[in-house]
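Input: a single structure, listed below in C-alpha cells.
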Amino acid sequence: MPRRKALTNNNNAGEAEQQPPKAKRARIAFHLELPKRRTVLGNVLVCGNGDVGQLGLGEDILERKRLSPVAGIPDAVDISAGGMHNLVLTKSGDIYSFGCNDEGALGRDTSEDGSESKPDLIDLPGKALCISAGDSHSACLLEDGRVFAWGSFRDSHGNMGLTIDGNKRTPIDLMEGTVCCSIASGADHLVILTTAGKVFTVGCAEQGQLGRLSERSISGEGRRGKRDLLRPTQLIITRAKPFEAIWATNYCTFMRESQTQVIWATGLNNFKQLAHETKGKEFALTPIKTELKDIRHIAGGQHHTVILTTDLKCSVVGRPEYGRLGLGDVKDVVEKPTIVKKLTEKIVSVGCGEVCSYAVTIDGKLYSWGSGVNNQLGVGDGDDELEPIVVVSKNTQGKHMLLASGGGQHAIFLVKADKQDQKENVPVKVSGSSSISKKDKTPPQDNVDKEAENVDKQEQKENLPAKASTSSKKNKTPPQDNADKEAENVDKQEQKENLPAKASTSSKKIKTPPQDDAAEEVEEESAQEPTPKKAKKPAAKRGGKKT
C-alpha cells in the first residue's frame, strides 16, 4: 500500500511565515569631536642657532646659549618647532611664523629684507585650533575641521613639493570635504586624523612612515610616481578599530585605537625607535601592533622616542649616543621603553629635537638632555648632557614652563605669562578673515582643561590627567640645585652672551647638530658616531634627506 503523506499543521506554518524578520542592530557611528584650543597664555622663548632667522630675534642675533624672549607675539598658547622655522598659535586662533622660508614653510611673503627673522602673521581663511611643523612644511587645523598646509616635503633626492603641483608658499586646503580633528608632523610627512577615526598620511615614505605603500612605491619610482605620496590617502589596518589619537616623530607614525587602546606604529626602526621588533628589518612599511600601554603623548627625534604615560612618567627607547635618552653613559641601543630615573617628579609634557629631549614637570620646571652642540639645551654651554638637567635662566626664574619643542639646530619654549607680560605683548597686526565656530568641542583624549581644574584651577590647566588630580599640590617642590641662586649667578653671564653677533664672523661660530646617517648606521650599529663638526654654510641642512 502507498504510504500516507504526513499531515502538517497549516495553522502553525502560517504563523511562522507571518513572523516579522528580526530587526538589525543599528550601527552606532563613530565620531570624534574637534579639540579645544589651549587657553593658558604664555611668552615665547628660544635658544640655539639662529643662522636663518629661526630664533625670531632679528638678522643680527645668530645664537642664544640660554632661553631668550621673542617679542611681538601676543597671547601665545601653543608652539611647534620645525627643522629651521617655528609656528606660534595665539589665544584668538592666529598663527605667527618665523625662520627659514626657502621652500615656503612660513606660509607668508618674506620678500622684505629681514622679514623671515621676525614673527609675523599668516593669512588664513579661518581661526586655528592646533599647529604642527616639519622640516620644510607646516600645517594647522581650523575650527571647522579643515586642514591647511604649506611649504614642501623632501626625500633623499631633495625637494618633493607639497602636492603633485609643487611647493605651496601660502596655505592650501589639504583635505577638501573631510572634517578632521588632529594633525601631527614628522620631518617630511604629515599625519591627519578625521572625526570618523580614520588616519590619512602624506609626504615622504622612504622610511615607511606613511604606512601604506610597498617597498617599490615608497621611493616614488613606481608606476604612479609621487602621486600616491603627495595625495593624502587613508592608512588601512585590517580588523583595527577606529583611531582616536596620532603622533609623529621624525621618521615614524604612531596611532591609538579608540576601544582597545592598542598603539600601532610604522616607520624607521633601525634603533628600535618604534618600541617593537621588526624581524631584522630597518623599518616597518605597514603598521605593527606594539605593546605600548597607557600612552598620553609620544615625541621623538632622528633615532629616539620619548614616551609619556598616563601616570606622568617618562620613558625612552632608541639610540643612546650624545645622551639623547637621558639614561647616563649608555652604549647599547635601548630596545624597550625604559623609565628616565632622574625625572623623579611628575611629567606633564615632553618634546624632542633631533638629538636632544625635553620634559616639563607638573610644577612648571624644565629639564633638557642630549646633544648640546648647538646650545639647544639652553643651559649656557655646548656640552652634551647624559642625564636630565634643570634649565635655569633669568627669563624662567619664578615662572611656570608650559611647553618645549626642538628643531634642527634650535628650540622654542612657552612659559606662562603673568599680567605684566600680557600688557607688554601688544599685537603687531590685526588678523585676517575668520570662520569661528560657536562651539568648542572637547578633544577625545588628554582632556587637558578638565584635568587641570582638578589639579589647580589657577595654574595647572592643561597639564594633568584626572587620576593624578589629588597629588599636584604636594609635588610643588623648588627647583633642584638652588635654581634661584643659579639664576642670579647666570644673569651677568647672560648679559655678555646676549650681545648681537657680527654677521661677518658668525659663520665660524655656527655649529651643526650631529647628523645621524641611518643608512650607514644600520650596517655598523656598533661603530661610534664621528664628533659633530661646525657647519660651513647655513644651508647645509638642505641637502639630501638621511634615513
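Just so you know, the numbers here start at 1 and follow the chain as drawn.
In case you wondered, yes, glycine gets a Cβ from its N, Cα and C as well.
Among the ranges 1-24, 97-120, the one that Swiss-Prot lists as region 'Disordered' is 1-24. Among THR442, THR531, the residue that Swiss-Prot annotates as phosphothreonine is THR531. When you go through THR170, THR512 in Swiss-Prot, the residue listed as phosphothreonine is THR512. Looking up SER156, SER435, SER526 in Swiss-Prot shows the phosphoserine annotation sitting on SER526.
Comparison of 41-91, 92-143, 145-195, 260-310 by number of C-beta pairs under 8 angstroms to the repeat 'RCC1 7' (363-416) places 41-91 first. Shown for the repeat 'RCC1 1' (41-91): DSSP residue counts in helix, strand and coil, namely 0 helix, 27 strand, 24 coil.
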